Amino acid sequence: MKAGHKTIDKSYMHVSLIFYSIIIFMNMPDFIIFETPMEYKPVLYFQRKLVDLRNNDKIDDTFIFLEHNDVYTAGVHYRGNDDIIRVERGGYETYHGPGQLVVYFIINLRERKMNALDLIKKIQNSVVNTLKYYNIESYPMLNEKTGVWHEDRKICSIGIAIRGFSTFHGMALNVNTDLSKFNRIMPCNFSPDIMTSMERISGRPFNINSVRERLIQSIEKEFDIKEKNIYKNVDLVGYGNGLLP
């Protein structure tokens with residue numbers, strides 16, 4: 001070695017690179033996709049578990065994409081006495097079922113320097129941009145009409161809840177939804193005929209997997225997500241307990 005030259009500790013660089021890679025990996029959000037319709041309650045318990053993990057920095061932001069089997073739920077404003085499943089989200093009654101694309105957002109608002117309204121607007125923008133790709137004009141609404149609308153019909157419902165600094169629940173986009181299922185309730189405190197779907201507007205069914213992929217792209221852009229982990233059909237019990245999906 002010539003005088004004045006310094007040696008480089010390559011082992012230190014190697015360890016540092018590994019550590020840096022781990023940090024980058026851990027800060028990548030998780031996109032969880034369920035490819036068959038899911039029962040509602042197990043997924044509700046799953047969300048609650050993920051919120052606790054997110055608040056304790058055990059997981060990163062998580063986006064859950066799925067369809068549900070037929071179910072009716074009601075948010076904190078509902079005052080009825082029937083057997084509808086009560087949940088923590090805002091809003092009134094709604095229906096979930098096959099043909100409806102649901103996304104749950106487990107987001108740490110503090111880390112993203114956002115508030116609840118910021119999140120709702122990002123969800124709305126993601127949906128509007130997705131529908132625009134399919135030549136469906138839509139617009140966001142807030143307050144008692146929170147969601148995304150086409151003309152005078154509601155195509156996407158939005159309702160979130162916050163525990164600690166993290167959110168759960170999210171949005172439901174009617175793709176090929178059987179709209180007659182809304183007839184037994186007052187969806188979002190409106191008449192059942194207020195609801196519409198991509199299929200009804202366009203006069204044809206859509207491939208819900210393709211719509212999901214387009215929505216994922218819109219969400220990535222809106223939330224400035226450059227990289228992500230994708231997991232499919234995860235174990236609702238094992239996920240987040242130190243087990244890889």
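Glycine is treated like the rest: Cβ placed from N, Cα and C.
Noted in Swiss-Prot for the protein shown:
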type	residues	note
DOMAIN	38-227	domain 'BPL/LPL catalytic'
BINDING	Arg89, Gly90, Gly91, Tyr92, Glu93, Thr94, Tyr95, His96, Ser157, Ile158, Gly159, Gly170, Met171, Ala172	substrate binding site
SITE	Lys154	site 'Lowers pKa of active site Cys'
ACT_SITE	Cys188	active site, acyl-thioester intermediate
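Recorded features from Swiss-Prot, shown on the structure.
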residue : record                                   : DSSP (3 states)
Arg89   : substrate binding site                   : coil
Tyr95   : substrate binding site                   : strand
Lys154  : site 'Lowers pKa of active site Cys'     : strand
Gly159  : substrate binding site                   : strand
Met171  : substrate binding site                   : strand
Cys188  : active site, acyl-thioester intermediate : coil
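In the predicted structure, the domain 'BPL/LPL catalytic' (38-227) carries a mean pLDDT of 93. Taking a C-beta cut-off of under 8 angstroms and a sequence separation of 6 or more, Tyr95 (substrate binding site) has the following same-chain neighbours: Asp70, Val71, Tyr72, Thr177, Lys181, Phe182, Ile185, Pro187. Rounded to a whole value, the Cα-Cα separation of Lys154 (site 'Lowers pKa of active site Cys') and Arg89 (substrate binding site) is 18 Å.
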